[in-house]
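Peer 1: Below you'll find the structure I mean.
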Amino acid sequence: MRLLAPLALCLGLWTGLDAAVIPAEEEDPSFWNKQAAAAIEASFKIQPRTNEAKNLIIFLGDGFGIPSITATRILNGQLQGKLGPETPLALDSFPYTALSKTYSVDRQVPDSAATATAYLCGVKSNYKTLGLSAAARYSQCNTTKGNEVISVLERARNAGKSVGIVTTTRVQHASPSGTYAHVVDRNWYADASMPQEAISQGCKDIAWQLVHNVDINVILGGGRKYMTPAGTPDPEYPNDETERGMRNDTLNLIDMWLQTHQGARYVWNRTELLNASADPNVNYLMGLFEPMDMKYEPVRNKTLDPSLTEMTEAAITILSRNPKGFYLFVEGGRIDHGHHEGMAKRALMEAVEFDNAIRRAGDLTDEADTLTVVTADHSHVFSFGGYTLRGTSIFGLAPLKATDSKSYTSILYGNGPGYLGGNRTELNENITGECSGPWWGGGVGMGPTAPLTLFSIPQRITTTCSSPLCPSPRSPTGARTWPSWPRAPWPTSSAGCRSRPTLPTSWPMPPASSPTPTAASAMPHPQPAPPPWPCSFPPCSCPSSTDPMALRCPWALPDPQPPVPVPQWTAVALWSMPRWDAVAAGHQIPVLDVE
């Protein structure tokens, strides 16, 4: 047993990394037995609450899937000077945990609009639509009327409770607007964002709906430019023309909101927010702290811009003044943006702040009358592996190099805006082939006639088959567009096809039925023609017959590589990540940027 620490130290020295000093008590089985016993005893003492909750808080981590939660736990612990994974998050203290299936009616991988409609309105819907049933069609204004669904925020307001939304994105973004908006296109932030046909048919933009649909007491986040007439200077960036108001209808929605509410105040910086929340006469508060999304936590101006924790505290302070209770939606929205951009440090630092807000809300409320729920709307093509030593930076390198003798980061993305300097030959829809042997393909219709490349991008330059990477502009979870790379992993089983991950490209979907057929629901879902697949891989030479991998690729495998053990990956979001074993290829897809 005492060999564990010296072995870890030797491993750290051998790999060139500083080995963490493992606590001596962890070598004693009783340490773990006591922890397990305490957890079991605590679970026995949990008493179900049967009374009706007076208050409800929903914390939504956008894109905050299980791999992100684990990485955040490690980072949070290390920020406190600890090893990392053993340090609990605030959300770890919740007594009940569950999983949910996140598909939408027309997509296996949903976006934040369809998921917001699901968890806020209780109804699965279509991609990029908000607050509408699946009878509504994306970007078709005339399918809106009659297909609206009601959010829990609106139900709470109708019950006499105060309600609020807090987000680090613009308040018109998909997740927060799911509480109040009914729109067939999540990107209709202002009237200037809408097609003229939709405007002429009477559809309203999301910012307009924010101040007209539901009587919301607290609105905190970004999104100033969607609220004011075109050309209106921004108070924080008055000389920046790109940050000015953009409404073509000349409406100043901020002024309209102030005029229709007694005891209302508008703020745009941290100092004004703190003063307003401390004023007992303020019953309505709108705080818009950036023209669009708020700044990432690591680069936030801590003088001008409030943190998510500070916004959450201000919201609870004001909403708690209603004796009937309150409903509050809090979103850590830029977790998602960091992952979309391949900036792991920004995503995870946002997640740490998200957890701080959860902890602070727990301090400010009483479990006896407040129900708090923490969830995510979807995950990301994000994971981490590499058998990194405990205590080493979550943003660091794996201790061993890949078979191309290059280092790779522990954090891994399946797509994103990483290496942009190369080109990749195009696939096309005519590449066919069915899974019939001990391998599995990287895309629909890919088989033995379509050589699959495995690639590594620690230096953004190396691929197998001498095929450089090229970005395919597609985001894993919706509206934002980022480059992506399809890839073809190898299996751990010796027979059959384990997975058929789809390439991130538009693909025709079968018409979806609506639970409440209307004239609109009879309209078919848009059926985009299948675009040409972006690749036809160049021929690759097969390995020698003595290479174990030849058994898995009799038709095309890049340069022969000796079998090496490499990390285990998990299936998240769009891409199916493989489980690599001793006969796996050893080529990784590392994190793209950890700035």
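Yeah, the Cβs are placed from backbone N, Cα and C, and that goes for glycine too.
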Peer 1: Need a hand: TrEMBL gives D62, H173, S175 for Mg(2+), which of E313, E331, E341, E350 is also on that list?
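Peer 2: Site partner of D62, H173, S175 for Mg(2+), according to TrEMBL: E331.
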Peer 1: Whole-number answer please: how many Å between the C-alpha atoms of S175 (Mg(2+) binding site) and S112 (active site, phosphoserine intermediate)?
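Peer 2: Given the Cα positions, S175 (Mg(2+) binding site) is 6 Å from S112 (active site, phosphoserine intermediate).
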Peer 1: Starting from S112 (active site, phosphoserine intermediate), work out which of the binding-site residues listed here (D62, H173, E331) have their Cα within 10 Å, and give them in sequence order.
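Peer 2: Final answer, ordered: D62, H173.
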Peer 1: List the other residues in this chain whose Cβ sits within 8 Å of the Cβ centroid of the Mg(2+) site residues D62, H173, S175, E331, in sequence order.
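Peer 2: Checked against the 8 Å cutoff, the neighbours are L60, S112, A116, T167, T168, T169, A174, P176, G332, G333, D336, D377.
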Peer 1: Tally every other Cβ atom lying within 10 Å of the Cβ atom of S175 (Mg(2+) binding site).
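Peer 2: S175 (Mg(2+) binding site): 27 neighbouring Cβ atoms within 10 Å.
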Peer 1: Just how many other Cβ atoms lie inside 10 Å of the Cβ on S112 (active site, phosphoserine intermediate)?
Peer 2: 29
